[in-house]
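Here's what TrEMBL has on this protein:
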type: COMPBIAS; residues: 276-289; note: compositional bias 'Polar residues'
type: DOMAIN; residues: 164-250; note: domain 'DUF6534'
type: REGION; residues: 276-295; note: region 'Disordered'
type: TRANSMEM; residues: 12-34; note: transmembrane segment
type: TRANSMEM; residues: 46-70; note: transmembrane segment
type: TRANSMEM; residues: 90-110; note: transmembrane segment
type: TRANSMEM; residues: 117-137; note: transmembrane segment
type: TRANSMEM; residues: 157-179; note: transmembrane segment
type: TRANSMEM; residues: 199-219; note: transmembrane segment
type: TRANSMEM; residues: 225-246; note: transmembrane segment
């Protein structure tokens, strides 16, 4: 390693810059959300506010850590080798923000799976396990005197990041499967489902790929801070995915509402000619109403 600072505190500084950028994107998305959906349920508004504040708190912690190492303690070799409380705590805030976002997607699985208690419970238990592992790892790191000892937590890091990626992939796959099952013969309704599938796959892949990238970098270079730099943005991938999903509802709802009006007119026109087709169309309309509730 030519210059250890470039792969440790240099990498941390770059990670803070990227985290700050994603925080700006999240703030813009939160503003768009509150402007576009003033009539949303209070629980959704509190969820958005909660994940935003968690990410702000996380950003404060990592900025404080970066300032400590690069400004306050610069030139003090002993201080550079010690971890800080702020750096230890950042894992907890990443875990809480991620868990809240996963809880939102679990509610969608609950709706689309027609309240499948077993499936939702298993996924919720996995999400809570990841949160518990994040908290436990934070507590364990706080007992390690030097930052160089981070490389000794291989089992904990592999388990946490591996399970996190697996949960994200599972949530995405299950959502896609249930969405495909809910497709109707109506072109616009099917288009809405296809768009939701695209959003689901994109958000699930983004978070799981970043978790896998963190894991791969850690295994390849455990004694650098490159994996920490990547991990700084992991929570914001979840929160930005959540806000992107919420903000996408405006166009999707408009398409579905236009389609519902067309389908209702079609049903009324066919009532006097074909009872069987009338019933089929009404089933399609009911399916569309379920999709609108999920949106």
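Every residue gets a Cβ built from N, Cα and C, even glycine.
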Would you mind giving the whole-number mean pLDDT across the domain 'DUF6534' (164-250)?
-> 80
Whether the transmembrane segment (157-179) meets the transmembrane segment (12-34): three or more C-beta pairs under 8 angstroms | no
Who are the chain neighbours of the transmembrane segment (199-219) in space, where the CB to CB distance is under 8 Å and they lie at least 6 residues beyond its ends?
-> 98, 154, 157-158, 161-162, 164-166, 168-169, 171-173, 175-176, 179, 226-227, 230-231, 233-234, 237-238, 241, 244-245, 248
Who are the long-range neighbours of the transmembrane segment (12-34) in its own chain, taking Cβ under 8 Å and residues 6 or more past its ends?
-> 45, 48-49, 52, 55-56, 58-59, 62-63, 65-66, 69-70, 225, 228-233, 236-237, 239-240, 243-244, 246-247
